[in-house]
C-alpha cells in the first residue's frame, strides 16, 4: 500500500505524463481532421465553444466567492488573451500541422522555454549573469536550440521510415517531380515559419498571462471567460471569411466530431486543470522538463497510426532542441536555487542575532 506522502510525491509526475499523453492524442487528432479537409477556423470555434461549456460551470461553483470585480481593464486583458491565445496561436499551430508533420510540430513546441527566456531578457523581466555556470548554460542552450530549429526548418533530409509521398524518388527527375518536390519544400518552410510564430506568440501570451493573473487570480474563471471570448472571435472571423459557405460548419465524419469534443473537453478542460495542478505543486521548470515526452508520444502515433515518414533532419533537429531545452532549464533551476539561498541568508542572520540578544 502506498502512503499518502508517497502518493503526494508522485502525483505531479503522473499528472505530467497524463498531460503529455493528452497533448499527443490531441495533436494526432487535429492532424487527421485537417488532412480530411476540416476548416481551421471552424475547428477553433467549435473547440472553444465546447471548452466554454465545460469550464464555465466549474469556474462558477469553484470561484464564485473569490472572483474579482469585472472591470474595463480586466475585459481588455481577456479580449487580448482570447485573440492572441486560442485564436491566433491555434491557427498558426494548425497551419504548421497541415504543412509539416505532428512530430515536427511537437518538436518546435519544445522551444517555448528558450523563446520565453529570450523575450523575458529583451523586456528585462529576467537577468542574465554571463560569467556564472547557470548563465553560460542558458546561453549555450539557447544557441543549441536555435541551431536545432534552423536544422528542422531548412534541412529535411532523407526519410528514415516508409514515405507516404505520392512523388517517388525516381519521379523527381521529371519536370513534374521537380515541381512537386519544390512545392513540398515551400510548404515545409511555411509550416516551420508558422510553428516559429506559434512559439513566439505563445511566449508573449504567457508574459501577458503573468500580468493578467496578478490582476485576476481566479484562474478557472479567467480561462472560461477567455474560451468564451475566443469562441466569439473565431466564430465572427469564420463568418466574415466563409459567409457564403454554410457547408463549412458541418462536421463530417467521426474524426472531426471526436477531435472537437476531445480538444474542447479533454485538452482545453482536463489538460489545463492537470497542468495548473502541476505548476502549483512543483513549479513551471518541473512542468517544462516533461515537454519532450509529448514529442515521443506524438512520434509513436505519427509512425504507427498516421503512417507519416520520419526524416533525418527532424531527428537531428529534435536532439539539438531537446538538449538546448534541458540546458536552459538546468540554468534556470540553478539560478533559482542560488537566489533562494541568498534570500534566506539575511533571515537566518536576523534569527541568530535575536538568539544572541
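Cβ atoms are placed via backbone N, Cα and C, with glycine included.
Looking at 159-179, 285-305, the range annotated in TrEMBL as transmembrane segment turns out to be 285-305.
Same-chain residues lying 6+ beyond the ends of the transmembrane segment (219-237) with a Cβ under 8 Å from its Cβ atoms: 41, 44-45, 48-49, 51-52, 55-56, 58-60, 62-63, 67, 78-79, 81-83, 85-87, 212-213, 268, 272, 276.
If one looks beyond the transmembrane segment (135-155) by at least 6 residues along the same chain, the residues whose Cβ comes under 8 Å of a Cβ in the stretch are 104, 107-108, 110-111, 114, 117-118, 128-129, 188-189, 192-193, 196, 313-314, 316-332, 334-335. Residues 101, 103-104, 107-108, 110-111, 113-114, 117, 137-138, 140-149, 151-152, 155-160, 285, 288-289, 291-292, 295 of the same chain lie 6 or more positions beyond the ends of the transmembrane segment (311-329) yet place their CB under 8 Å from a CB of it.
Take the transmembrane segment (285-305) and the stretches 12-30, 188-207, 257-278: counting Cβ pairs under 8 Å, 12-30 has the most. Ranking 12-30, 99-123, 188-207, 257-278 by CB pairs under 8 A with the transmembrane segment (42-62) puts 257-278 at the top.
Relative to the transmembrane segment (257-278), the listed stretch 12-30 leads the set 12-30, 74-93, 99-123, 188-207 in CB pairs under 8 A.
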